[in-house]
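Notes for the one structure printed next.
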Amino acid sequence: MASDGDGKGRIATAPGGGYGYGYGYGGYEGPEDRKWWPWLVPTVIVACIAVFVVEMYENNCPKHGSQFGGCVAGFLRRFSFQPLRENPLLGPSSSTLEKMGALDWNKIVHQNQGWRLISCIWLHAGLIHLVVNMLSLLFIGIRLEQQFGFVRIGAIYLLSGFGGSVLSALFLGNNISVGASGALFGLLGSMLSELLMNWTIYSNKAAAIITLLFIIALNLAIGILPHVDNFAHIGGFATGFLLGFVLLARPQFSWMERHELPQTNQPPKYKAYQYILWVVALVLLLVGFVISLVMLFKGKNGNDGCHWCHYLNCVPTSKWKCNT
């Protein structure tokens, strides 16, 4: 993506397109399937597209110019893109992204602009970045919203995006970051915890868990490439994973068929292990948010207490460096 004033920048990339296999991976088709009409996910997609249009309008490449050459797609005039040397994703300059609310540790901590932890979720570094993220959201989010409704999926999406932003701010330092991928990884994490939470009602358990773990590992591995904000991915995934235990528990089959059983033999709605996972996940989620936010607004750098954590975000090789 385009760089900030220090020549650095990060994007949160979307999970790979392999999610199109559908959410019914575990062989479960319960009576709650497709109960809700999905409207939230399409609304989020439209909102992100609208924000990107505003980004390009505000950027106005022909007026502000660039030291890297002429604007790309000049026929778009005000909406033309920055030179590819500056932003290969076909988008605005980093100064425009920063102006519109990109994640910036200095501004969050020293200028009391905590709102950037949310605003950065709606920004994208370029047209390519936007298209990849929105296609991923379409494949992942529609099915989840159909099964669990807009309230739960909306909460997972926003809180995961926020969690990804917090972890990113703690570790990225002077880099800026934009993108919805922390939120998208949160939806992926919730899929995994939903499978574990409702383990007893799924068939083909082994295939389901192997498929999800492979996709998770693949996408997190992609995140160690340069200029990709893997901390947003990890933070979003961890938040969504815990939220899945809290919000996506399914009642047992016996409870859903309770009307056919004697009144004296009514089964519990959830199993004991589901209640235990719910409590543990909620406690971990609250403690994690409190500790992370306290560290962030005290100006702590996560790398000071974890000298190897930077490898989670980028692994240097003979082909690339991580500090450029």
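Heads up, the Cβ atoms here are built off N, Cα and C, so glycines get one too.
Any TrEMBL annotation is an automated prediction that lacks curation.
Annotated in TrEMBL:
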DOMAIN    112-249  domain 'Peptidase S54 rhomboid'
TRANSMEM  36-54  transmembrane segment
TRANSMEM  121-142  transmembrane segment
TRANSMEM  154-172  transmembrane segment
TRANSMEM  178-199  transmembrane segment
TRANSMEM  206-225  transmembrane segment
TRANSMEM  231-249  transmembrane segment
TRANSMEM  275-297  transmembrane segment
So what's the average pLDDT for the domain 'Peptidase S54 rhomboid' (112-249)?
90
Determine which residues of the chain contact the transmembrane segment (275-297) at the Cβ level, with the cut-off under 8 Å and only residues 6 or more beyond its ends counted.
108-109, 114, 163, 166-167, 169-170, 193, 196-197, 238-239, 242-246, 249
For a three-state summary based on DSSP, what are the helix, strand and coil counts in the domain 'Peptidase S54 rhomboid' (112-249)?
109 helix, 4 strand, 25 coil
